[in-house]
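**Student:** Under the heading ubiquitin cross-link, Swiss-Prot lists LYS130, LYS146. Annotated N,N-dimethylproline per Swiss-Prot: PRO2, in sequence order, evidence recorded as experimental evidence. According to Swiss-Prot, the feature N6,N6,N6-trimethyllysine maps to LYS4, LYS11, an assignment based on experimental evidence. The phosphoserine annotation in Swiss-Prot covers SER25, SER38. Taken from Swiss-Prot, the feature N5-methylarginine applies to ARG67.
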Amino acid sequence: MPPKFDPNEVKYLYLRAVGGEVGASAALAPKIGPLGLSPKKVGEDIAKATKEFKGIKVTVQLKIQNRQAAASVVPSASSLVITALKEPPRDRKKDKNVKHSGNIQLDEIIEIARQMRDKSFGRTLASVTKEILGTAQSVGCRVDFKNPHDIIEGINAGEIEIPEN
């Protein structure tokens, strides 16, 4: 027999979802059904929480307590870089493996690095910024109209200064 349901217990679930779309409730059902939640309602909550990342795959954290689910987005570096590009959302069914050809300012990259600092293994803001620049290169965008790798080399050589706070 399963243990008694504790109303004060907090459970965390991490799911991958496409921003702004109601996920398939059939995929949610086995994960949240045993916790006493409606998959349809949770799917709508996820769609509401991810609407600013429309069309981009993001990780969603579900905090479940007392049969109430609270959805919050845990953005990855690539999703933050893609939203910083401010491209119009694409149709996922037609366009696959898209290279994003845009330009981002270095200040925006540093701002993304500040957001990702606690999740990163880099000790300094410069090292986290280099991680984000590597992500920008794999996404396919440019930074200050240059290849992101050239900016990484500039940071390593000391030509480009990254603030420490």
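Glycine is treated like the rest: Cβ placed from N, Cα and C.
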**Student:** Under a three-state reduction of DSSP output, how is LYS130 (ubiquitin cross-link) classified: helix, strand, or coil?
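**Tutor:** Assignment for LYS130 (ubiquitin cross-link) reads helix.
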**Student:** Counting across all protein chains present, how many other Cβ atoms fall within 10 Å of the Cβ of the residue listed as 'N5-methylarginine'?
**Tutor:** 11
**Student:** Between SER38 (phosphoserine) and LYS146 (ubiquitin cross-link), what C-alpha distance do you get in Å?
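**Tutor:** Between the Cα atoms of SER38 (phosphoserine) and LYS146 (ubiquitin cross-link), the distance comes to 48 Å.
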**Student:** Select one residue from LYS11, LYS130, LYS146: among these recorded positions, choose the one with the most other Cβ atoms within 10 Å of its Cβ.
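**Tutor:** Neighbour-count leader: LYS130.
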**Student:** CB neighbours of SER38 (phosphoserine) within 10 A?
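**Tutor:** Total other Cβ atoms inside 10 Å, all chains included: 15.
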**Student:** So, in DSSP terms, is SER38 (phosphoserine) helix, strand, or coil?
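**Tutor:** Once the DSSP labels are grouped into three classes, SER38 (phosphoserine) ends up as coil.
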